[in-house]
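Okay, structure first, notes after.
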Amino acid sequence: SAIPRGLLLLAGLCCLVFGIMAEDAQVAQGPSQQIPRSLAHFAHSMYRVLTQQSNTSNIFFSPVSIATALAMVSLGAKGDTHTQILWGLEFNLTEIAEADIHDGFQNLLHTLNRPHSEHELTTGNGLFLDQKLKLKEKFSEDVKTLYHAEAFPTNFSNPKEAEKQINAYVEKGTQGKIVDLVKDLSADTVLALVNYIFFRGKWEKPFDVKHTTQEDFLVDMNTTVNVPMMKRQGMYKAFHCSTIQSWVLLLDYEGNVTTLFLLPDKGKMQHLEETLTPELIFKFARKTERMFANVHLPKLSISGTYDLKEVLGHLGITNVFSGAADLSGITEDMPLKISKGLHKALLTIDEKGTEAAGATELEITPHSVPQDLFFNKPFLFLIIDHSTDTPLFVGKVMDPTKK
C-alpha cells in the first residue's frame, strides 16, 4: 500500500469515524473550478460558521485538511450524499468534471508534500478499517492513487486498542504535536478516516529573542492580558486596505509559504469579517510593495478542535453523518455513515517561526519614521502555500493566552 507521507502542518488533523447504520439515498453528478479557489471559498464559509457559533473565541483550522478528508469520502459516496459533499466543498457541479476534482487534489497533495529544505509541510491520509469489512476494489485503489492513503486493518471490537492504533498514527504524522485525538470510540465504529497536516516553518526574517518583552493585549473593552510581544523593525510587505478597514501584513516563511496577518482598525473586526472575500485574499497574497515598519506580534500557541458533524451541517453536508448516508461505493458489506468527524489543528508562532534560525539578515532601511503595526488586539491570519495558492490554515486570535 503506497503512501507518500502526510501533510506537515503547524498541526492540523481531520478524523472521520464511520459507524454502521441502516437505510440509503439517491443519485448525483459532478463538481467546480480549480481546487485552490474552491478551498478558499470553503475556508471562508467555514470561518463564517465558526464565528457565528462564537465571536469571542480563538479560531484555528485547516481548510485543506478537512476538504481532503471529505473529498476522499466522496469517492465512495453516492446520490445526495455525494452531491452534498461536493457542493459543501464549494465545487460547482456544472463547471468541473468530478475526475478533475480528484486529479486536482492528487496534484495539490503531491506539490505540498514535495521535500523542502526550507520548511516541513506534510499531509497524510489513513483509513482504519474493521477486519470484517472488505473495501470495494475501486475505492481502495482510488484513495491510494489519488490521495496517497494508507489502509490499516483495525480491530474495532476492542475500541481501546483501535483508539491506540489511530492515535499512534496521528502522533507520528504530526511529530508528537497531536496526541490522544480519538477518545471514546463508539462500539459500532467500523471505519475511521484520518487526515493530518503538519507544518513547521522558519521566518524569512526572524525576530530577535532579545527584543521580546511582556506587553498588554486588549482582548476586549474590559479585558487585558499580558503576552510576550515579539518586535522587529524593517522593510515589510504591508499596507492599509480601506475596503476591509484593516492593516495587511505579509510575513514570509522560507520556501513558498506566507502568513497573511489582518489587523482591523479600532472597532472594525466585524467589518473586516463581513467584507473580507477569497478574491481579496488572493489579491493581498500577490502584493509586493514594501514599507518601513515596526512590527509587534504576540508569541502564541493556538489550537482548534471541531466536531465536523455540527460545523459541516451548516454548509449543507448532512446526509453523510445520518441514516440517509449512501456510502455504498466504500463497501457493500453493510450500510455506513460517519459516526464521528473530528478536526484538530494547532500552531505555534514564535521568533524563529518555529525552528532556530542562526543567520541574521541585515537590510537597508530608510531614514524615515517606521509605520507601527501593533498586533496588540484581536486579528485574523491565513497561512497560504504560494506555489498552489492554497489556504493551509485560517485563524483568528481573540486571546493569545488561550491555548
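Placed from the backbone N, Cα and C atoms, the Cβ positions cover glycine too.
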Legend entry - Stretch carrying region 'RCL' according to Swiss-Prot (options 258-277, 298-317, 338-357, 358-377): 358-377
Legend entry - Other CB atoms, at most 10 A from the CB of N55 (N-linked glycosylation site): 14
Legend entry - Which listed residue (N155, N222, N256) has most other Cβ within 10 Å, given these are glycosylation sites: N256
Legend entry - Entries of N55, N92, N155, N222 which, being glycosylation sites, have CA atoms within 10 angstroms of N256 (N-linked glycosylation site): none
Legend entry - Minimum Cα separation from N92 (N-linked glycosylation site), reported as the residue among glycosylation sites N55, N155, N222 that achieves it: N55
